[in-house]
Amino acid sequence: MNLEILELFNGHIDNIPNILPHQLATLDYLLRTILDHNESVLLFHIMGSGKTIIALLFALIVSKFKKVYILVPNINILNIFTYNLDLATNLINTEYVIENIHIYSTINFYSLNYNDNVVNYNALSKYNDSIFIIDEAHNIFGNNTGELMTIIKNKNKVPFLLLSGSPITNTPITLSNIISIMSDEGINFNDIIIQGKKVFQIILNEKGVSVLKNILKNKISYYELCDTELPSIIFHGKEFLDTKVVYCKMSKLQETDYINVRKLCNNEMFEKNMTNVSLAVLGPLNLANSLELLFVEQDKELYPNLKINDGVLYGDELTKLNISSKFKYFIDTIGNLTGKNFIYFSNSTYGGLVIKYIMLNNGYSEYAGSQGTNPKMINGHLKTFAIVTSKMKSSLEDLLEVYNSPGNDNGEKIMFLFSSNIMSESYTLKEVRNIWFMTIPDTFSQYNQILGRSIRKFSYKDVSKPVNVYLLATVYSDFNDTITSLDDYSIDDINTLPFDIKKLLYLKFKTKETKRIYSILKDLSINYRSSPHPYITDVVLGELVRQFFYHNSRVSINDAKLFKMVNSIFKSKEKTQKYIEKITDDHFFVTNKVFEKSLLYKHKNDIIVVPFNLLFTEYSWMINFRKELNVVV
């Protein structure tokens, strides 16, 4: 990124509508690399730092010269991008051609370019001289859409802007797709990878490191937020390597089922039954794996104190919680916590069902649903929960709007948000004070993305208050090992450990290699000093003016500080004076610390900020039937 641009914004105010300094500095780099030199870029910015806005601002700037195709994982994220594109158009202070920007979900883009599962090569010519932006780039490859991207790259020779906060999803092999899309060289990945017997033993060899450095040189933009911009994190539980883990010791009832299931499982790391029983037990496997039959049972006994009737769980076990050591710890703990909770769980066979009835029976009410037994309250409101799974994608945005609303800062509307892997995508959660992992994530990428949904810039009004993180592991009743090193156990020893502990160790092994490669990528990130790129000059000046008039309500039209600031970009007295006259005559929009939303006006020999409000009559619509006639109804 352009460090000279960063240094223009010392003491930057970021609590007003604005483009952040690091975003401007990155835009400069993207223009020089992608637009000027037709090179691809990996935008490796840690989650929560504003990759989406950077990509959309870049798309707007280059839309004057090229068509831009933006691919996102699904329709929900497409809606997020469309909404943010409107924000970007309000922020950017330059011309653009909005018709040249096309946003597609990967499924829609695939269907546009395939006929009967065969690529329509004749139609690909329309992508000549364009730029592709790929969101969640680490997830788009390894399928038909990824194959199509490779074809377009080879046929059309177009550059790609790849967005990723975690370019390695599981092992270094997943990075190979990103390398191939950014390179014209043929790469034999068997030459650069050391394959172990286990997934976590796959590592990049010395040749692989060399290939990485050569191919991605000058093609990486890395950025992470400063600690002062985020709340501190307090991990709870027992020391476990470089973190803490809560050991949730099983009751005899859960341990019996757990051991039986483990004996029956082959390749248990990928066995949904192990994930299920580490969360909660719901009777014999033949029942738990046949929920469609179980849901029609009448008063079916699962355990002496737990029954199911027409899909409804009831019985003392839902409050005693011998069926789940994790939920016993969770329910015992949340009564003493304040603020909103985000709870990640793997949506395996019966996770959502158990969660719902445990919460209801312990006094927590379902948002827009059933009221809990002896309902618990907060400030006169029910303490409520919501469960998010992939099946409810259509209503997720409405739910998150309520969860993130200022009126829910302390959980007055929704206190507990349970979510499966869908929340590892491009969503933002605000004011979350307690984060729970009911299921151990499979990868470092997944773990980071779940944390990154909440712990991000602008998600907290007060960053001085910490965020609590609870990583829960189901363990045997007599298990109390202190694990300080990955060398504490052999591979054979690891296989005898509780499933969650084994999964944690596998996660940490993969994390070690992932961090090594991320360090290499970070070192490849390019920083330089230069005057702003010509296509970004107006944008940089616009942000400087916004910052200046945040502090100043009235200045002389010949104000020395204003002149010096603008002239630092133009280095021309005549151009500087013309620019100051232009922003005044055009009534440039600013946010002032006293008058808030304002427009610039000239009053005699001064520039003043004039506050404004947009007024409208409720239920009044203006319909443009034709250019000459407007009708108000």
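Residue positions begin at 1 at the first shown residue.
Cβ coordinates come from backbone N, Cα and C, glycine included.
Residues annotated as ATP binding site in Swiss-Prot: HIS45, ILE46, MET47, GLY48, SER49, GLY50, LYS51, THR52. Residues within less than 8 Å, Cβ to Cβ, of HIS45 (ATP binding site) and separated from it by at least 6 positions along the same chain comprise THR26, LYS51, ILE54, LEU163, GLY165, SER221, TYR222, TYR223, GLU224.
Per Swiss-Prot, domain 'Helicase ATP-binding' is recorded for 32-185.
Look at Swiss-Prot and you will find 326-505 tagged as domain 'Helicase C-terminal'.
Per Swiss-Prot, motif 'DEXH box' is recorded for 135-138. A Cβ distance under 8 Å defines the sequence-distant neighbours of the motif 'DEXH box' (135-138), meaning residues of its chain 6+ beyond its ends; these are 42, 51-52, 55, 70-73, 77, 81, 162-164, 166-169, 174, 178, 425-426, 445.
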Around the Cβ of GLY48 (ATP binding site), the count of other Cβ atoms that are within 10 Å: 21
For ILE46 (ATP binding site), which of the three DSSP-derived states applies: helix, strand, or coil? coil
Please spell out the DSSP helix, strand and coil residue counts for the motif 'DEXH box' (135-138). 2 helix, 0 strand, 2 coil
Here the mean pLDDT of the motif 'DEXH box' (135-138) is 82
Entry from the binding-site residues list ILE46, MET47 having the most other CB atoms no farther than 10 A: MET47
Using the centroid of the Cβ atoms of HIS45, ILE46, MET47, GLY48, SER49, GLY50, LYS51, THR52 as reference, list every other same-chain residue with Cβ within 8 Å of it (recorded ATP site), in sequence order. GLY165, TYR223, LEU225, GLY452, ARG456, LYS457
